[in-house]
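The transmembrane segment feature in TrEMBL is assigned to B:7-28, B:85-102, B:109-128, B:134-155, B:188-206, B:236-259, B:271-296, B:316-338.
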């Protein structure tokens with residue numbers, strides 16, 4: 001039993017650390033898709049966030065000192081939000097196919113980031129950052145037996161922020177007038193328009209929020225996991241976040257739960273060799289677990305998840 | 001302006017806009033766009049070696065483009081070309097190295113294995129879409145990652161813990177001394193003929209077979225096709241399987257032609273994703289795909305010359321490609337612009 005607890009003490013914190021970036025990004029996806037805009041581009045927005053986060057951290061570490069990682073997350077948020085405008089303009093105003101536009105965002109994100117890295121550093125990846133996102137022991141909670149060491153000891157500050165964001169997103173989407181408008185625009189844009197809601201404006205805001213959150217996710221991932229930026233820094237996390245969003249049924253708290261689960265799968269995959277009863281499981285099964293689960297979830301074996309009704313369609317005033 | 005002219009003009013304008021924005025990016029970043037594009041041009045057409053390599057690069061792009069375009073004709077979006085290409089690559093490399101057979105059997109068998117692997121990878125999302133109405137976009141994205149990790153693991157098994165498979169036997173190779181010598185010893189191989197043959201096959205299926213007629217009908221209007229007595233489900237599955245087979249053959253180009261083996265990969269090849277752009281530029285027609293693939297294959301290969309000749313990072317071409325996709329996808333706004341210009345001219 002003691003051995004089992006030790007494993008949990010080891011693996012749960014890693015899981016949470018891997019989950020945090022997914023939480024940010026998946027909730028970004030929830031905002032965009034609730035408004036009716038598919039955002040396959042989350043991966044590219046995360047790449048942009050990771051790139052900006054690391055480069056900003058490297059450049060301004062002397063100015064901001066210990067606050068650098070946080071300011072870097074903010075910078076990543078702003079840049080990715082602006083970057084997501086491309087997806088918004090293409091898919092909302094220019095009526096582009098939202099999936100194609102998202103694919104273009106993914107290609108563009110990695111291309112711009114690598115182009116800039118080569119321009120600035122003359123090589124394929126950046127230097128390593130010195131100021132990383134700090135870890136905290138949460139007072140009182142850390143003293144709870146069993147749960148304390150698992151959840152509340154040496155937690156990344158960004159993980160705490162991720163949980164706060166998830167709760168905040170739930171409140172915004174389900175308890176505020178803006179949330180009501182957001183959902184109505186994604187379900188039945190014409191009805192929303194009739195009620196005087198500016199469909200396209202809400203969609204723009206939603207896509208920009210998704211960009212900002214995905215940027216934060218990327219910056220958090222880079223500043224907790226890799227500590228530098230290169231071509232493989234973000235490798236599928238954006239799509240995993242997309243999966244978490246679907247798995248969580250387009251609900252912020254659900255997305256958080258799914259992200260935690262995917263974080264657990266990632267943590268298992270990297271640490272399975274250290275766990276006695278996992279040693280014989282080839283790690284490939286753990287690598288593909290999140291993706292396979294998503295397919296299974298989509299196939300309806302874990303309860304039917306319904307996407308917002310108007311997803312994927314540009315809203316054209318006056319058409320039925 | 002006639003619709004037909006506009007249909008041709010939209011991709012052309014998109015390409016020009018993409019190149020223009022690329023030039024602006026180079027200018028802003030302190031590079032010389034003229035030197036950059038000159039290096040790109042020379043990288044593509046500079047000498048017969050470059051031309052050989054460019055054509056070699058075009059072959060997998062043609063097949064990836066066919067895969068996307070074929071699914072698109074049935075109203076399906078296959079983003080899984082990348083994964084289908086990866087499993088095809090592995091299947092071809094495995095058959096190529098594991099068996100010893102006469103060339104007349106071995107090479108077709110290796111190609112067939114690649115097509116079958118890709119088809120299998122397309123079958124799953126096809127079946128899920130047809131029977132459970134699961135959206136193929138998400139499933140194919142997930143299948144990409146499953147393919148990547150699974151093939152990496154399989155390579156380690158086949159290579160007994162190593163990171164790349166053994167070289168394929170000559171009997172499974174697409175290599176061609178004739179084509180190679182013709183192009184100053186480039187790695188140009190017979191794959192381009194396989195790709196062009198598949199272009200013909202796609203045209204034949206779509207334009208000359210009942211299957212193609214049904215596939216297109218389902219793509220135009222699912223309900224009408226159903227009403228006319230066609231099985232929408234069967235057609236969805238068929239479209240994804242054939243699309244996957246094209247993609248798998250794209251992988252065979254790399255396995256049997258260019259590399260002769262397969263190594264574990266940290267990330268995707270990108271060919272599958274560029275295939276989306278190829279198909280878009282080619283308006284999802286077989287011949288259009290050849291043009292789209294020629295453009296993207298040329299840009300990709302020619303870009304290799306940019307760091308040496310003009311000291312510009314290769315990624316500038318990836319930026320241009322992504323922008324072209326954006327502009328083609330946003331064709332609506334270009335159409336509106338063109339129609340306005342057209343009207344003004346008429347008014348004069």
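Any Cβ shown, glycine's included, is placed from N, Cα and C.
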- Note on the structure: Maximum Cβ pairs under 8 Å to the transmembrane segment (B:236-259) among B:7-28, B:109-128, B:188-206, B:271-296, B:316-338 is reached by B:109-128
- Of the listed stretches (B:85-102, B:109-128, B:188-206, B:271-296), which one yields the highest count of Cβ-Cβ distances below 8 Å with the transmembrane segment (B:316-338)? B:271-296
- Task: May I ask which of the stretches B:85-102, B:109-128, B:271-296 has the most CB pairs under 8 A with the transmembrane segment (B:188-206)?
- Result: B:271-296
